Amino acid sequence: MTIIIDQPELGSQPEKLSSETNELVLDGGFPVPKDGFMAPEINSFGNSFRDYDAKSERQKTVEEFYRINHINQTYDFVKQMREAYGKLDRVEMSIWECCELLNDVIDDSDPDLDEPQIEHLLQTAEAIRKDYPNEDWLHLTGLIHDLGKVLLHPSFGELPQWAVVGDTFPLGCAFDEANVHHKYFKENPDYNNPDYSTKNGIYSEGCGLDNVMISWGHDDYMYLVAKENKTTLPPAALFVIRYHSFYPLHRHGAYKHLMNEEDVENLKWLHIFNKYDLYSKSKVRIDVEKVKPYYLSLIEKYFPAKLRW
Ligand SMILES: [Fe+2]
Ligand SMILES: [Fe+2]
């Protein structure tokens with residue numbers, strides 16, 4: 001079965017805000033790192049990343065996605081989703097089985113990615129492995145970071161795009177202007193809740209991101225899966241999985257006042273991880289069967305039992 005996704009993977013591609021309009025600007029234009037992993041300047045179609053050649057159509061699609069996302073992601077919605085999906089009572093399967101399930105999901109309209117999702121996962125993991133050969137936990141993090149997208153699959157309730165992908169942001173405090181298409185938060189019921197509309201909202205400065213409710217999607221779900229299944233992956237891995245779409249924080253530095261010292265340490269790994277997540281979507285084909293034994297050994301090491309999802 002192939003599930004066609006109507007939206008691009010909105011949360012993991014180069015993007016920036018226009019300083020004048022604070023709207024999402026869809027282009028590439030990211031600096032190439034001095035050493036280590038060389039970020040390609042073009043995607044597999046020969047275009048710049050995030051260049052939808054549609055400063056019109058594609059931007060409209062992305063904007064409409066964020067309009068719906070910003071209206072519907074409320075504090076109460078996230079609370080309900082965490083409770084419902086945190087039960088992990090839907091499916092039992094291994095990490096590799098989940099990779100294969102996600103393989104049925106092809107993001108048909110992501111201009112940077114015309115391969116099955118498993119290629120993106122393995123490209124990310126293999127690119128990290130090349131530059132950080134000793135950090136095997138980060139290789140596995142690359143492999144599993146997007147597995148939460150199974151939420152789009154019928155056996156997981158077939159959630160709509162706005163509840164699975166896209167940049168994430170905190171609920172329970174004011175929406176920072178660094179969020180793309182910030183103007184649509186005005187239609188979010190939380191926007192006019194006085195408890196949620198100050199800088200700290202219901203939180204206190206330095207409380208730690210673990211205490212902050214973040215919009216629901218594949219990040220938080222995969223974090224719950226890994227944690228509740230008692231993975232032995234280090235805290236930095238769980239942080240990377242949980243916040244890799246939290247672009248307002250790791251790209252724009254917003255909401256830093258909510259972080260504690262541990263978050264500050266973990267954020268360094270997220271910055272490293274992010275460039276591999278972004279730029280591995282290129283035509284470096286991976287021989288899945290060849291690398292599979294290595295990843296199965298990592299899964300065995302960090303997830304010894306079958307997982308509940
Ligand atoms: Fe992702
Ligand atoms: Fe990704």
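Yeah, the Cβs are placed from backbone N, Cα and C, and that goes for glycine too.
Features of the protein shown, as given by TrEMBL:
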BINDING   R50, D107, D108, S109, K149, G166, D167, H244, S245  substrate binding site
BINDING   H120, H145, D146, H218, H244, D277  Fe cation binding site
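D146 are the binding-site residues among H120, D146, K149, D167, D277 whose C-beta comes within less than 6 Å of an atom of ligand 1, given in sequence order.
In the vicinity of ligand 2, defined as a Cβ distance under 6 Å, the following of the binding-site residues K149, D167, H218, H244, S245, D277 are placed: D277. Sequence-distant neighbours of H145 (Fe cation binding site) (same chain, 6+ residues apart, CB-CB distance under 8 A): L121, T124, M222, V240, I241, H244, F273, D277. Classification of D277 (Fe cation binding site) by DSSP places it within a helix. Under the DSSP three-state reduction, S245 (substrate binding site) is assigned to coil, being neither helix nor strand.
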